[in-house]
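> Here it is, the structure, as C-alpha cells.
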Amino acid sequence: MGPAPAGAQVRGAAGEPEVMEPALEGTGKKGKKGSSKKRTVAGSPGEGLLQPVKLSRAELYKEPTNEELNRLRETESLFHSSLLRLQVEELLKEVRLSEKKKERIDAFLREVNQRIMRIPSTPETELTDQAWLPAGVQVPLHQVPYAVKGCFRFLPPAQVTVVGSYLLGTCIRPDVNVDVALTMPREILQDKDGLNQRYFRKRALYLAHLAHHLAQDPLFGSVHFSYTNGCHLKPSLLLRPHGKDERLVTVRLHPCPPPDFFRPCRLLPSKNNVRSAWYRGQSPPGNGSPEPPTPHYNTWVLQDTALESHMQLLSTVLGSALGLKDGVALLKIWLRQRELDKGLGGFSGFLVSMLVAFLVSTRKIHTTMSGYQVLRSVLQFLATTDLTVNGISLCLSSDPSLPALADFHQAFPVVFLDSSGRLNLCADVTASTYHQVQHEARLSMVLLDSKADDGFQLLLMTPKPMIRAFDHVLHLHPLSRLQAACHRLKLWPELQDHGGDYVSAALGPLTTLLEQGLGSRLHLLAHSRPPVSEWDISQDPPKHRDSGTLTLGLLLRPEGLTSVLELGPEADQPEAADFRQFWGSRSELRRFQDGAIREAVVWEAASMAQKRLIPHQVVTHLLALHADIPDTCVHYMGGLLDVLMQGLKEVFPPAPIQPAYSFFEHLREQASLLPRPDKPCPAYVEPMTVICHLEGSGQWPQDAEAIRRVRAAFQLRLAELLTQQHGLRCRATATHTDVLKDGFVFRICVAYQREPQILKEMRSPEGMISLRDTPASLCLERATRQLPLLTSALHGLQQQHPAFSGVARLAKRWVRAQLLGEGFTDESLDLVAAALFLHPEPFTPPSSPEVGFLRFLFLVSTFDWKNNPLIVNLNNELTVEEQVEIRSGFLATRLQLPVMVVYTPQDRKSSVWTQDGPSPQILQRLVVLAAEALPVLEKQLMDPRGPGDIRTVFRPPLDMYDVLIRLSPRHIPRHRQAVDSPAASFCRGLLSEPGSLSLMPVLGYDPPQLYLAQLREAFGHLALFFYDQHGGEVIGVLWKPASFQPQPFKASNTKGRMVVSQGEELVLVPNVEAILEDFAILGEGLVQAVEARSERWTV
C-alpha cells in the first residue's frame, strides 16, 4: 500500500487512533513564482515540511569517537540501516516501563502480598456445601454437573511468587499486567483432585474467598474476576490500585498446586480425567470401549504446576541478554498489531518468549543478538516451520517413559513441548491460528527483505484488524447455535474435554469443514473470538453464549474465486459417494464436453458481483447441512457495498441506450436531437473516448494551426467513410467524431504524435527556437500520450486483480459523495486505488471491493502527503534505486509540486494527474473525512447483528457549508445514481429495449454541471462550490475567508459587491442578498430553494 513514512503520525504500539497532522497549506503549485517573496514572509512553504539539519563546518568534519565507531559497526552488522536502529530504539523506549513506575508497582505488590497472607482460614466443608461463602461473592466457575466429591477449606498460600513478563522485563505498555502465582497449601488438596474438575472447583472457591476479603480493602480500586487466556475452567482475580494509580497496573492472581503434587503420568494427553458417568450422567457404551482421553483438561492442570519452572527457564535464558528481551518486546508488538494474541487459542507473548528460549537452546539465536535480529530469526523460524506437522520440544531428556511427539500430534493440532516433555505449550492454539501466524510471518519476512519499503512502519506500526486484513468476514451469532452443531457433529468427547465449552469444541471441526468446502477459492481461514470481559465478583460468570461472536475471516484466491463449478470425481469412482455425502442435495451428475460423467456442484451466479459472493453460498450450505446452523445465524460481510456501484451506469461497459423520441425535438438539418423544455431532463449519455494515432510522415505541416486543420479534415473524412462503408451514424467536429454503434457512442479523437512538441516550440526575436511547456502542450500530451499509456497499464492490473475496478469505483463514489469530486481527477483516484494492489504491504492484494475500500480510507487518512510522494510502480518498472532517486528529487523540488504528488513510471517528476488539484484545503478535508469514516464503517461491518445502514459513511456532512442550493430532481439526469437512490424518479426518455437507432442522442447534457460552471465563473472570486455529480440534490457553497474583508473602492472590484462607508472612506463588501438572489435567477427552473445559513457568517 506504499510506505506510510516516518513523518506521518500513525497508530503507535499502544493502538491509539491515527491523527493526521493539520495544515497542508504549505505547498504551492508549479508556476506560481510571482508571489514567492510574500510567501516567504508568511512562513508557509516550510511549515510542516521535513528539513535537513544544518551543521557547522567544524561539526560536519569532526572525527567520530570510539563509541560512535562501535555503534556504526554494530548498526552495519545488526540492522538494515541506521534509521531502522533509531526507530526500533525509540519504539522500545515508548513501550518499556520507566523506573519510577516499576518502583510504584513493586510497592503495590508488597502491599498485595501482605493483604493476602492476612486473610483468615475457613473450616473444612464438602465441595458441594458452599453455604459458607459470603453473600456478596459468586463462585467464578460454571459448576456443571454440580455434584462432585471432595472437601475444601481455605488456608493462606504457602508461597506467593511473581511470574511472567514483569519480572523478566519483557512486559510492554499500555496494558501492564503482573501475574502472581499463589501456591495453595497441600492440606487443601487431596490425592484424586485431578479427576472430574475437583481441582478447578477448589481453585475457584479459593479465589472467591480471596475476592471477598480483598474487595473490602481500601487499597484496591477494583476487584474483578476474569478468565486466564480465555479458559473458562481457570478464572483469575484482577486487582487494581485505588485512586490515580488505577491504570498503573493490573495484578492477576493465579492459584496453583505445589509443583510436585499431581503425578505427571496421570496427566498425559492419552489419559482420561473426566469420567463420562460423572459428566454425562451415563456410562460409556458397554462394549468395553475405553474412556475418551481429555488432553486439553490435562494440559490446563499441568499448566498450573509448571508456572514457576517456566519462569526459572525464561529468567535463565533471557537473564542479562538485553537483545533477547528487546526481541520479545518487538514480537509482542508485532502480535498485538495483528490481533493474534487475544483470547483462548491466541498466540500469546508467553509462547513467543518460550519460542525464543527454544531457538537459543538450538543455537538459532545467540544471546548477543540485537532485538531486531531476534525478531527476524523468530519470524524466519515461524515462516518456515509448520508445527502442525513437525512439533518441537524444549525437552533434552531421553527418558523412555516420556510420551513421543506423535502422541501429542494425535491429541493437539499444534505441538510445542516444554522442558518437562509432558506439557504442550500450544495446546489451545488451533491449526487456523498457527497458519495465520505463519502467513503473517512470511509476509513480514518479504517486507524486511525488500529495501524499498519502510519495513519498520509497516511491520510494527500499522494495525491489521481482521476486517481490513481478510476479503470476506462472517459472524456466527448467536453462539448458542454451536451447541446444536456439537450434537450434529457428535462432539461429545470434545465437550467432555473442554468442560462444556461448545464454542471451543466446535471450532476445529467447523474450520476444517469450511476449508474443505472452499478448496481452491481459499488461501487462508482465520477465526477471532473476542476475549471474555472481566466481571464483578458479585455476578455469575458469563456463559459461553455471552462471550460475543465467533468471527471467521476468509482470505481468498482471485484466480479460483469466481468459478461457478465444483468438479467432483467420476461417477464410478469410490470417492463419488464421499463427494455426494459432503455436498448433499447440491451434488449432481453431469456430462462434460470431453465425454466424462462426473459429480459436480454448480452455483447460481450471473454477474461478477454474484460470483465474488459464491463463498457465501458455500458457507451457508455446508453449515446448514453438516452443523445445523441456519443461514439466519450466519451474518456474512462481503458485497454489502456492491449496491453503491450497481447504479453507476456510466462506468465501463455502459448499458446500450435507445432514446424515446417523444422527449426530444428533431433537428432535421443536423439529423440530431434536442431536449424538450417541457419534459424532464433526458438521461445522461457520456461517449467513450477512443484515441486514434496517425502515423508520422514528412508531409505533415510544421505549424500548430495547420496541424489542427489537417486533423479536422481527418475527422470529417473519417465520419464520411464510416457512414458510407459501414452505415454508422456519425457526427464530426473539428476535434472529434462521435460514432453511434449498437446503442453505444464512441468519441474518436485523431492525434498526431509530434503535435505536443510543436506546441512547445517558442521562437525568440533573434529567430532561435527553444522548447518550453505550455498549458496547451501539456494538456494535449496528457490526453493523447499519457492517458492511453495509463489506461493500458490499469487494464493490465484489472486483468491481474479483478477487484481493482470495484475498489476504484467505490473510492470515486465516496469522494464524489462527499462533494469533493471536482478536486480529484478520475486518474488520480485510480492511481491511489492501484497503489493498494501494487504495494499492499503489510497486507495481501485485496480480492473484494469492500476490503479494498477500507484500505483506501486508511491510506488516504494516514499517508503523509506533505513529505512523501505516492509512488505507484505500474508493471513493476521502477527499480529500488530509481524509487530512491524519485524521493530525493521530490524533496529537492517540493515547493514547486502540487500538494498531492502521485508518481508513475511514465511520470517521475511532475505528477501530471494532480497538477490541477486538489488544493491543500480540499485534500485536508478528504483526509479528515476518511479518518472519520473508517472506524464507523469498520464498526458496522464487525457488528454481528448486521451492518445497519451501510450508506452512512457515503452521506456528506452539510453542516460546514454557508449556503445550500437545493436542486429540482426533475432536471438532474443522474438522479437515480444518488447515494440514497430515490424510490421513484422521473422517466429520462430511454426505452427499455434497445433497437435500431437512426439519430444521435444528446451527449454530455448535465444541467447541474452547466449551472455550476456559471456559478464559478460569476462568483468564483467570492465562494467555493461543491457538488456530487452522481445525482446530488444539493450544492454546498463556502464563502472564501478573504471575501468578507472590505475592499478599497475600484470600478474593477464591484462584481458582486456593494459600496458602504467605513469611517470617512468608501469600501466594497459582498452584497450577499443580491448574490443569493442571483443564485436562484441563474438556476431558474433547476433551483428549488437557496438556504442561507447566516448563523455561520456575518458580513
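Note that Cβ sites are derived from N, Cα and C of the backbone, with glycine treated the same way.
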> When TrEMBL marks a stretch as region 'Disordered', which of 1-49, 540-588 is it?
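Feature region 'Disordered' in TrEMBL: residues 1-49.
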> Top stretch among 178-317, 324-462, 665-799, 958-1089 for CB pairs under 8 A with the domain 'Nrap protein' (468-627)?
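So the stretch in question is 178-317.
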> Averaged across the domain 'Nrap protein' (665-799), what pLDDT does the model get? Just tell me the whole number, please.
84
> For the domain 'Nrap protein' (178-317), what does DSSP give as the number of helix, strand and coil residues?
54 helix, 33 strand, 53 coil
> How many of the residues that make up the domain 'Nrap protein' (958-1089) does DSSP mark as helix, as strand and as coil?
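Across the domain 'Nrap protein' (958-1089), DSSP assigns the residues as follows: 37 helix, 35 strand, 60 coil.
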> Tell me the residue counts in helix, strand and coil for the domain 'Nrap protein' (324-462), as DSSP assigns them.
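Computed counts for the domain 'Nrap protein' (324-462) are 74 helix, 5 strand, 60 coil.
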